[in-house]
There are 2 protein chains.
Amino acid sequence: MLIEDRLKELKEKINAKVPAGINVSEVEFEGPELVIYTDDPKKFADEADLIKVLARDLRKRIVVRPNVLEDPEIAATKIKAVVSEGAGITDMFFDPDTGEVLIEAEKPGVVIGKNGTTLRDITKEIGWTPKVVRTPPIESSTVKQTRQFLRAVKDERKAFLRSIGRRIHRDLTSKDKWVRVTTLGCCREVGRAAFLLSTPESKILIDCGDKPGSSDGFPYLYVPEIFPLKSLDAVVLTHAHLDHCALVPMLYKYGFEGPVYSTPATRDLAVMLQLDYLDVVANEVNQVPYSSKEVQEYIKRSITLNYGSVTDIAPDIKLTYHNAGHILGSAIAHFHIGDGQYNIAFTGDFNYGKTRLFGPATSQFPRLEAVFMESTYGGSEDNQPSKNDAESRLYEIVNETINRGGKIIIPAFAVGRSQEVMLALEEGMRLEKIPKVKVYLDGMIKEATAIHTTYPEYLNPDLRKQIFQEGMNPFLSECFVQVDSPKIREEVIGSDPCIIITTSGMLNGGPVMEYLYALAPYEKNTLIFVGYQADGTIGRRIQKGWKEVPMGRRETIVLNLQIETVDGFSGHSDRRQLMAYVNHLNPRPEKIFTIHGDEKNTIDLASSIYKRFRIETHSPKNLETYRML
Amino acid sequence: MLIEDRLKELKEKINAKVPAGINVSEVEFEGPELVIYTDDPKKFADEADLIKVLARDLRKRIVVRPNVLEDPEIAATKIKAVVSEGAGITDMFFDPDTGEVLIEAEKPGVVIGKNGTTLRDITKEIGWTPKVVRTPPIESSTVKQTRQFLRAVKDERKAFLRSIGRRIHRDLTSKDKWVRVTTLGCCREVGRAAFLLSTPESKILIDCGDKPGSSDGFPYLYVPEIFPLKSLDAVVLTHAHLDHCALVPMLYKYGFEGPVYSTPATRDLAVMLQLDYLDVVANEVNQVPYSSKEVQEYIKRSITLNYGSVTDIAPDIKLTYHNAGHILGSAIAHFHIGDGQYNIAFTGDFNYGKTRLFGPATSQFPRLEAVFMESTYGGSEDNQPSKNDAESRLYEIVNETINRGGKIIIPAFAVGRSQEVMLALEEGMRLEKIPKVKVYLDGMIKEATAIHTTYPEYLNPDLRKQIFQEGMNPFLSECFVQVDSPKIREEVIGSDPCIIITTSGMLNGGPVMEYLYALAPYEKNTLIFVGYQADGTIGRRIQKGWKEVPMGRRETIVLNLQIETVDGFSGHSDRRQLMAYVNHLNPRPEKIFTIHGDEKNTIDLASSIYKRFRIETHSPKNLETYRML
Ligand SMILES: [Zn+2]
Ligand SMILES: [Zn+2]
Ligand SMILES: [Zn+2]
Ligand SMILES: [Zn+2]
Ligand SMILES: [Zn+2]
């Protein structure tokens, strides 16, 4: 059926269900959603269950939008006129995709008004649907700039969403029914995650990362299964770590034109890390695989989805994200193919243990035939200490070092372990398990933390409760001090005993090198590794016992400081948790593919799962295609 | 390196090795060969080992050709003038590809002359290199027309071979090294054979057949691994059965432009069967997947190779054919990839037993890492009676039927079992095991038999000896009578007791239906099945016990005649032979893939091979890709 006829039919069905007196002027696909344009958005909103009923009957995600949206600047002035100054409005974000205006205020209650009266007044005045959130306690420049950019390209983006909407809802053409997965990277190795899910109708790329510290660091994007990239329907990201998303902007350079799906938090973290990646690569090899122009292209074409929202992303594929417990916004991508014919979950990186920041990864799915599962700690020996043991050990080392007047350097990735360690240190000081010293944050850690405070809904319930109900946001503790100039860095180095959390996590560059250079000669100081150190990195060499570290043009650093490794802060499931996860998967899948681990670990995990659960397992190689259905 | 520079370099190397006084005017790639053009072809020929040495040192197949080839018509007149009339020259075939003229004569010895004097005279007169063969005792119109057609398009073909030659010898471009096989059909099923062998440099399609009696009868040629077909370097055929070659001409309709490799016998049988396939399909569904124009396209772009000739078919792939023992010209295709990195054999259909016609399939290879192996009779119960037992049973039934005055109908494929049964009957009569009655051949069987007599070098040594040294060609026995008109068919039906071998082999159409209609009502007659009857065919239904057969617009046929099945004439290895073949494979491969068999059989064979030989096995599904290296 022609798409115009389909939209006409949908409009007729909607009109038949909408109460008399409510006008439906237009319906249109925009990205994965069906948008109903009306002159009466308020009346629509008053019919409590109407949208829910329409969504269920039409099997579409429904959005209602007023025909005319007030110009954002005028609307902003009107909002400020309605809301009392005491609300402390800090920002307003008009999202033309949704017809919503996000009002950030220090006192959200004042914007809402008694029983929502002020909010209703706003709706009447401006047509936009107001949503109110508490002003994030730390401002993220990434989030701000991304929102500004999206506002600037809103017309272009609207045209893009319409064309994607029509592409998603195109007719099925093939009489064949099959589902295949092609492995383009990340098999029997960690890094360059890239999996192609294909049917006779559609092609979806899951993740597109790099392989840090490797000469052949790109996924096999040149093979005919995926090239030309124009033939891809969509890219689906599991999370923002660079081994999963670094090369997404590059896809636009080589012909990709479609959308990139992710959670909102993943989008903002990915943009932050990609821009940093460009700086790092430019310094190292002078030849960058893409530029910030392609990062903008990515932002323009990103479509964000929250956990649990079932979304059409191709004529025969629905995507639902579920919590993966790994980092902020990390998700298990669940694909429902055809009319329930086949369901595949890609776990991305996931943690089946509860952490200070996140709940454990979801193991319950409506349907499930196959799972592609990470295996970083899939070896039979790869069990990690508990979080409690890890934190006790961390406290012990902090106490010893501070007591002898030393300083502590903790190298960490900007996203993930940094925040986990921050929360452990904050609680340690609050409960007087360690002395109250300054915790300096250098590198991208502050910005990453700001993005965490922008998306509190992704944190686990305990932490959310602590922040919102008890008003105690641990990230705002006065122990944390941002280092944002070389001058402050000098002061930190010359100051009293303290803790420094800084990038890069594996000591391959970044501000950590400055600290090491200044503090390594002194035995009283301590370097604590809290994360995995990959082969070939300076971090790994130091762990192995190297006592001297070459430092570019400078002389070598002689390491007299104490070297410690504290395991147990990992964002990955350890072996025990991986096996427990498979045990708890519901429903039990027919097939499990072990990926994202070295050869030994993926094979070990696959054979252990088969032996214990009698589920068919594979440890695929790169460049293979598996027939799922 | 530019191809022109490469040819220049090769020319210099050749000049350095050629004795003074021999002129090398040009070297050029033509198809897989390096052609040396010279004014002195005779001098070249006089240096006994020169070409061998050049081939070894340059690692190329070398052909020497005179700069100027006499016009074929003039040359033919000159040959006739030189050779005495008593030689009985029946045809001459000038092959501009090779600069050879094939002289067919009833008395080849006369053309050659005492100590080859006449042959040398010819060479001096015409420049073409003469080869003499005995006139095939039965003329094949397919062979004749194919040769005529090739003569007519010789300029076009020469240009094609030059461009393919340059394509084969292009530079390698990728730093990656991998080898993959994608299954496009014939997995867990019999039919639509199609396998894609790919490397970063090249793409080779092995076979391209249909699946008779099926609604989804085409290989998955639309998937991106192989589409667009223009990206294919070559098609490699194992043998001429339609489940392996029916759709080759169609490839040219959808953009393929490259060569199709096969043995000479396979090419001619394939053309015969494809043209017949077009007639049958046109009758059945009125919509043919290609026309005779595309069959011509195939002939024009075919390149024939004999067993054992190691041939470059892509910059990083060499092909060698080995005897498969299945039908005339059937071959195991052995691929040698890169600098000996990887070796894969595709058995096609093969018979590891000796038959009246062919020797057993080759099990010895210079190198071998993986095998794709047919599994038609791969089930643990799928053992067949010996040829001797089968023939005894056949003789028994023939005797019984003839003795009671009945006629015998043997439905058979034109190629394969027909000739095997013919030889058994001929010997039976010669050794007086059965009465001397007429054996009528109807359908394409005569033409197929003619092609057999055109290529005696593909028959086994015993049969060759019988034909050439003992002068006793069993195909020429006077017991065989060709039925080539409806009038003769009527006469056969009304005649004395006799044997009728006729197509189609599974009773889905063809002249066999006429015979059945006329002879089925009488109990004294017998229908003998000697080949596999696929599900859904009338043959299968009759085997199952049906006593009435619907016959299109006509009334049904009531079957009162005797129904017999004689197993053991199969051209396939049975289960025991398949296992013995794996046992004798030398060297022992690392991996075996079981294909061309139903799901049960491929899985059973794969697991039995693994259990007995501890070789890694897979029973792939269609649309999978396996990483070999
Ligand atoms: Zn990760
Ligand atoms: Zn990862
Ligand atoms: Zn497997
Ligand atoms: Zn065959
Ligand atoms: Zn076959």
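Glycine is no exception: its Cβ is also placed from the backbone N, Cα and C atoms.
Those TrEMBL annotations? Automatic predictions, nothing curated.
Here is what TrEMBL records for this protein:
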REGION    B:70-137  region 'KHb'
DOMAIN    B:95-162  domain 'K Homology'
DOMAIN    B:191-406  domain 'Metallo-beta-lactamase'
BINDING   B:H239, B:H241, B:H326, B:D349  Zn(2+) 1 binding site
BINDING   B:D243, B:H244, B:D349, B:H596  Zn(2+) 2 binding site
DOMAIN    B:418-542  domain 'Beta-Casp'
REGION    B:571-629  region 'Metallo-beta-lactamase C-terminus'
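Everything TrEMBL records as a feature, shown here on the structure.
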residue : record                : Cβ within 10 Å
B:H239  : Zn(2+) 1 binding site : 31
B:H241  : Zn(2+) 1 binding site : 27
B:D243  : Zn(2+) 2 binding site : 22
B:H244  : Zn(2+) 2 binding site : 30
B:H326  : Zn(2+) 1 binding site : 30
B:D349  : Zn(2+) 1 binding site : 27
B:H596  : Zn(2+) 2 binding site : 30
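Taking the mean position of the Cβ atoms of B:D243, B:H244, B:D349, B:H596 as the Zn(2+) 2 site, the remaining same-chain residues with a Cβ inside 8 Å of that point are B:C186, B:V190, B:G191, B:A193, B:D207, B:G209, B:T238, B:H239, B:H241, B:G348, B:E374.
The two recorded residues, B:H326 (Zn(2+) 1 binding site) and B:H596 (Zn(2+) 2 binding site), show a Cα separation of 14 Å. Taking H, G and I as helix, E and B as strand and the rest as coil, DSSP gives the domain 'Beta-Casp' (B:418-542) the counts 59 helix, 15 strand, 51 coil. For the region 'KHb' (B:70-137), the model gives a mean pLDDT of 86.
Listed in sequence order, the binding-site residues from B:H239, B:H241, B:D349 having a Cα within 10 Å of the Cα of B:H596 (Zn(2+) 2 binding site) are B:D349. Residue pair B:D349 (Zn(2+) 1 binding site) / B:D243 (Zn(2+) 2 binding site) shows a Cα separation of 10 Å. Within 8 Å of the Cβ centroid of the Zn(2+) 1 site, not counting the listed residues B:H239, B:H241, B:H326, B:D349, the chain contributes B:T238, B:A240, B:H244, B:A324, B:I327, B:S330, B:G348, B:F350, B:G416, B:G571. Summarised by DSSP class, the composition of the region 'Metallo-beta-lactamase C-terminus' (B:571-629) is 25 helix, 12 strand, 22 coil.
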